[in-house]
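Q: Sharing a structure below in structure tokens format, with a few things to ask.
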Amino acid sequence: MSQGNGTKDKISPRVIERLTKYLRCLESMSPDDYISSEEMAERMGLTAAQIRKDLSNFISEFGEGFGVRGKGYQVRILYSGIERILGVHKTNNIIIIGAGRLGSALLSEPEFTKESFNVIGIFDSAEHKVGREMSGLKIRNISELDYFLETKDRVDIAILTVPKAVAQEMADKLVSAGVKSLLNFAPLKIKVPENVVVANIDLYAKLQELNYWKEKVL
Ligand SMILES: NC(=O)c1ccc[n+]([C@@H]2O[C@H](COP(=O)([O-])OP(=O)(O)OC[C@H]3O[C@@H](n4cnc5c(N)ncnc54)[C@H](O)[C@@H]3O)[C@@H](O)[C@H]2O)c1
């Protein structure tokens, strides 16, 4: 995860990444259960101290009743607190730029039917795709993007699934129209101003990393 030039927040991206994993860990538990940091640590291959340290950054988000001596954290309180920290307790509107193979696969992803993430538009530049329906949404012409951003609901996140050659240009367009968060799948590092966050997902780079580690464990 990167943002323009500076860091707005003292919280490390690693902490936020672990919070998303804590949510996954808690998902399989009953909300009335309690879990200790030791038990969570064991399930997740972390240390209890790490978990306590991560959560202590946000202690005010959890409020009363968080952490009962001898029992641990109540799953309901921990889960909803982390959801609030991550901002997924409310609906986040998403648009997808590029209705190709990846854009189409993401649009049909069941996570996007959850309340926290809601795809409200998908755009493409290919005339033959514009107007077609994809997972219940009409593909819009990219030329309508500015008008859409001015007139429709707030857009919280834009996902870029366009070719590398146009990804930076599309990111600039989104940023100048006021979009503050980008998830980029094109294999290049998108540059954004300081007040914008971007997560670049480079699958090929991940494969290269994995290949390195594979050699080490053999
Ligand atoms: N398919 C994958 O598994 C995969 C995996 C990782 C990364 N990627 C990357 O994701 C991006 C998309 O991959 P894909 O396989 O879906 O490609 P694709 O060719 O199937 O789709 C790209 C879509 O973007 C559209 N497009 C091109 N220029 C545009 C513009 N200016 N505005 C709006 N739409 C535009 C094209 O018409 C096309 O529909 C690429 O950068 C690719 O390298 C793809």
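Counting starts with 1 at the first residue shown.
Cβ atoms are placed via backbone N, Cα and C, with glycine included.
Those TrEMBL annotations? Automatic predictions, nothing curated.
From TrEMBL, here are the annotated features:
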| type | residues | note |
| --- | --- | --- |
| DOMAIN | 87-189 | domain 'CoA-binding' |
| BINDING | Gly98, Ala99, Gly100, Arg101, Leu102, Gly103 | NAD(+) binding site |
Q: How does the domain 'CoA-binding' (87-189) divide up by DSSP, counting helix, then strand, then coil residues?
A: 34 helix, 29 strand, 40 coil
Q: Between Ala99, Leu102, which of the binding-site residues has its C-beta surrounded by the fewest other C-beta atoms within 10 Å?
A: Leu102
Q: For the domain 'CoA-binding' (87-189), what's the model's average pLDDT?
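A: Here the mean pLDDT over the domain 'CoA-binding' (87-189) amounts to 93.
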Q: Measure the Cβ-based neighbour count of Arg101 (NAD(+) binding site), defined as the other Cβ atoms within 10 Å of its Cβ.
A: 9
Q: Using Cβ atoms only, which residues of the same chain lie under 8 Å from Gly98 (NAD(+) binding site) while being at least 6 residues apart in sequence?
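A: Same-chain residues close to Gly98 (NAD(+) binding site) (Cβ under 8 Å, separated by 6 or more) are Phe123, Asp124, Leu160, Thr161, Val162, Pro163.
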Q: For NAD(+), what surrounds Gly98, Ala99, Gly100, Arg101, Leu102, Gly103 with a Cβ no more than 8 Å from their Cβ centroid?
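A: Sorted by sequence, the hits are Ile96, Ser104, Ala105, Leu106, Asp124, Thr161, Val162.
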Q: Have a look at the binding-site residues (Gly100, Gly103) and report the one with the fewest Cβ neighbours inside 10 Å.
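A: Taking Gly100, Gly103 as the binding-site residues, the minimal 10 Å Cβ count falls on Gly100.
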